[in-house]
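Participant: Below is one structure. I have some questions about it.
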Amino acid sequence: MALSRRLRLRLCARLPDFFLLLLFRGCVIEAVNLKSSNRNPVVHEFESVELSCIITDSQTNDPRIEWKKIQDGQTTYVYFDNKIQGDLAGRTDVFGKTSLRIWNVTRSDSAIYRCEVVALNDRKEVDELTIELIVQVKPVAPVCRVPKAVPVGKAATLQCQESEGYPRPYYSWYRNDVPLPTDSRANPRFQNSSFHVNSETGTLVFSAVHKEDSGQYYCIASNDAGAARCEGQDMEVYDLNIAGIIGGVLVVLIVLAVITMGICCAYRRGCFISSKQDGESYKSPGKHEGVNYIRTSEEGDFRHKSSFVI
């Protein structure tokens, strides 16, 4: 008797919890709810990816499912009226009734995708969730610019650029297949060099080159999707020939002096005068035949005298 009385008391004490549980379950079942196994999938270009959208609770046997793509402020349909739409047609299918599988993804597939479910038999008829898809792109061979020759003690800049990779790649430089540190002072092996590598911009800057900096240089662009390198290019560091430079300057000065003296001598000899008039070379106008010129008493007054020639 005492045992059955205690059991009845326990059951009575638990009755309110039981009814609350039924009420709670009724509320959940009457509202459609969604979940995803991965809200932020990351995939490499040309691979496949699943966009998970799972109905956890619903009383509607055949809810309406729609997928939309949100990119650059524009919203387009991906799955509507039980059909794949837009540029995903032909490489996307539906699995698990509400989830999407995209084959051969491209960089243009990077976007926010929204799964929308309408369950008309549920008290809460609509639920939605968003998934952000990131497509990583492997870098292509970067463009490298390496000076062919630099004099000792001068500054030099080597450049490396790549524009296809996503996320944005980082850069590393190699000399004769040996990786260069970001700062030459950080490695005793490069104590005779003075350079700095910017892994974000891809520049390798020498403040002053030394003979030891001669060699073959190449750059590698890397990100989470892969890496690519440019072809190696040689850079020669040479000594300045001071004696040769001084000799060349002297030769130029001597040549200029000789040319100047030649011009002066030619000018003195009259080579640059086109015509010359003096007393010896001047000729008076010839007399006209049949006309005599008679000077009168007044200076410079001339008059004509006619004559006949028989």
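Keep in mind that glycine also has a Cβ here, set from the backbone N, Cα and C atoms.
Predicted, not measured: the structure shown is a model, and the values here were computed from it.
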Participant: Of the cysteines CYS115, CYS160, CYS265, CYS271, which is paired with CYS219 in the disulfide recorded by Swiss-Prot?
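Facilitator: According to Swiss-Prot, the disulfide partner of CYS219 among CYS115, CYS160, CYS265, CYS271 is CYS160.
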Participant: If you look at what Swiss-Prot says, which of CYS12, CYS27, CYS115 makes a disulfide link with CYS53?
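Facilitator: That would be CYS115, the partner Swiss-Prot lists for CYS53.
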Participant: Helix, strand or coil for CYS219 (disulfide bond)? Use DSSP.
Facilitator: strand
Participant: Just to confirm: which same-chain residues, 6+ apart in sequence, have a Cβ under 8 Å from the Cβ of CYS160 (disulfide bond)?
Facilitator: PRO142, VAL143, CYS144, ARG145, TYR171, TRP173, GLY202, THR203, LEU204, CYS219, ALA221, CYS230
Participant: Given a separation of at least six residues and a C-beta threshold under 8 Å, show me what packs close to CYS53 (disulfide bond) in the same chain.
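Facilitator: Residues satisfying the criterion: LEU34, SER36, ILE65, TRP67, THR98, SER99, LEU100, CYS115, VAL117, LEU129, ILE131.
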Participant: On the 0 to 100 scale, where does the mean pLDDT of the domain 'Ig-like V-type' (35-127) fall?
Facilitator: 95
Participant: Going by DSSP, give the three-state secondary structure for CYS265 (S-palmitoyl cysteine).
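Facilitator: Where CYS265 (S-palmitoyl cysteine) sits, the three-state DSSP reduction gives helix.
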Participant: Which residues in the same chain, at least 6 apart in sequence, have a Cβ under 8 Å from the Cβ of CYS265 (S-palmitoyl cysteine)?
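Facilitator: None - CYS265 (S-palmitoyl cysteine) has no non-local Cβ neighbours under 8 Å at 6 or more residues apart.
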